[in-house]
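Peer 1: First the structure, which I've put down as structure tokens, then a few questions once you've had a look.
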């Protein structure tokens, strides 16, 4: 299959990135290799979208620091970048809205590009054309329009399984995410994503739009474990990018005090969805 026939894909990873780890970066590489390897897709970009402070997750440090760490982690990447839109929102934004924002942004950019494209004219002397000839000639001179890349949600199996947590997700949001965008789920050791998809009617219905990527090289790094090591004064070298480690140490970001941030506060999606369910 030629590149022109492949669907271009943008991988979007939403999350706390508290802090970003080497595992987060590996998710992008694993997903890119898998999608390109199908012969049906070409991954053209990866986007890291840190959640805003309004998410109210326990131990979540300010978005300002999390964004900077993500930018430091992707400093040398040629295709993965950090987007701040979600992190700058005053209210927590559902993942569906973040996906929609980035898809609309791509479509708007493509529209602007087409409008600004120069009009091609037939060189040489003007002559009279029949309507059929004129239409055919114009068609051959017009540049081929390129399809807008499709945004797909990149995640780990833990996010996939969180769909089953009561009031954490709206059922209609889950349906739209898997039906209109799609998931690329990288599985960790001990997760059975395929079984979870089988046990969910919604996920099973749209299983063709859910790509499960097996991580054959075991990597159990997590932000939670990184924060725990930091609280205990243990080394995190080789678990996060060097620049991220330096930034954490310079600003003394993670401690017992920071882990108590938002303690006792209900997570934003649980608070909102529970309230809406009662109305």
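Glycine is no exception: its Cβ is also placed from the backbone N, Cα and C atoms.
Taken from Swiss-Prot, the feature NAD(+) binding site covers 15, 16, 17, 23, 57, 92, 95, 156, 158, 168, 169, 215, 219, and the record attributes it to experimental evidence. The annotation beta-nicotinamide D-ribonucleotide binding site is assigned in Swiss-Prot to 15, 16, 55, 57, 92, 95, 168, 169. Residues annotated as ATP binding site in Swiss-Prot, with similarity to another entry given as evidence: 15, 16, 17, 24, 58, 156, 157, 158, 224, 225, 226, 227. What Swiss-Prot records for 117 is phosphoserine, and it gives a large-scale study or a structure entry as the kind of evidence. Summarising the annotation, Swiss-Prot assigns phosphothreonine to 119. Under the heading region 'Disordered', Swiss-Prot lists 107-144. If you look up Swiss-Prot, you'll see 123-129 marked as motif 'Nuclear localization signal'.
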Peer 1: Give me the CA-CA distance between residue 169 (NAD(+) binding site) and residue 92 (beta-nicotinamide D-ribonucleotide binding site), in Å, as a whole number.
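Peer 2: With distance taken Cα to Cα, residue 92 (beta-nicotinamide D-ribonucleotide binding site) is 13 Å from residue 169 (NAD(+) binding site).
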Peer 1: Give the mean pLDDT for the motif 'Nuclear localization signal' (123-129) on the 0 to 100 scale.
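Peer 2: Computed over the motif 'Nuclear localization signal' (123-129), the mean pLDDT is 44 on the 0 to 100 scale.
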Peer 1: Kindly assign residue 15 (NAD(+) binding site) to one of the three DSSP-derived states: helix, strand or coil.
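Peer 2: Assignment for residue 15 (NAD(+) binding site) reads strand.
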Peer 1: Can you check which residues sit near residue 219 (NAD(+) binding site), meaning Cβ under 8 Å from its Cβ, same chain, 6 or more apart in sequence, and list them in order?
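Peer 2: Looking at Cβ-Cβ distances below 8 Å from residue 219 (NAD(+) binding site), excluding near sequence neighbours, one finds 22, 23, 26, 188.
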Peer 1: Just jot down the residues in the same chain as residue 95 (NAD(+) binding site), at least 6 apart in sequence, with C-beta under 8 A of its C-beta; none if empty.
Peer 2: 14, 153, 173, 177
Peer 1: Count, for each of the binding-site residues 157, 168, 226, the other C-beta atoms lying within 10 angstroms of its own C-beta, and report the residue with the smallest count.
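Peer 2: Lowest Cβ count within 10 Å among the binding-site residues (157, 168, 226) is 168.
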Peer 1: Please give the maximum pairwise Cα distance, in Å and rounded to a whole number, for the ATP-binding set 15, 16, 17, 24, 58, 156, 157, 158, 224, 225, 226, 227.
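Peer 2: This binding site's residues have a maximal Cα-Cα distance of 21 Å.
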Peer 1: Which state, by DSSP, holds residue 157 (ATP binding site): helix, strand or coil?
Peer 2: helix
Peer 1: Neighbour count first, Cβ atoms within 10 Å, every protein chain included; then name which of 57, 58 tops the list of binding-site residues.
Peer 2: 57
Peer 1: Rounded to a whole number, how many Å is the Cα of residue 157 (ATP binding site) away from the Cα of residue 55 (beta-nicotinamide D-ribonucleotide binding site)?
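Peer 2: Here the two Cα atoms are 20 Å apart.
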Peer 1: Give me the count of other Cβ atoms within 10 A of the Cβ belonging to residue 158 (NAD(+) binding site).
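Peer 2: Result for residue 158 (NAD(+) binding site): 14 other Cβ atoms within 10 Å.
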Peer 1: Name, in the order they occur in the sequence, the residues of the same chain whose CB lies under 8 A from the CB of residue 17 (NAD(+) binding site) and which sit 6 or more residues away.
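Peer 2: Spatial neighbours, sequence-distant, of residue 17 (NAD(+) binding site): 24, 48, 50, 51, 66, 69, 70, 223.
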Peer 1: Of these binding-site residues, 16, 224, which scores lowest on Cβ atoms within 10 Å?
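Peer 2: Selected from the binding-site residues 16, 224 on minimum Cβ neighbours within 10 Å: 224.
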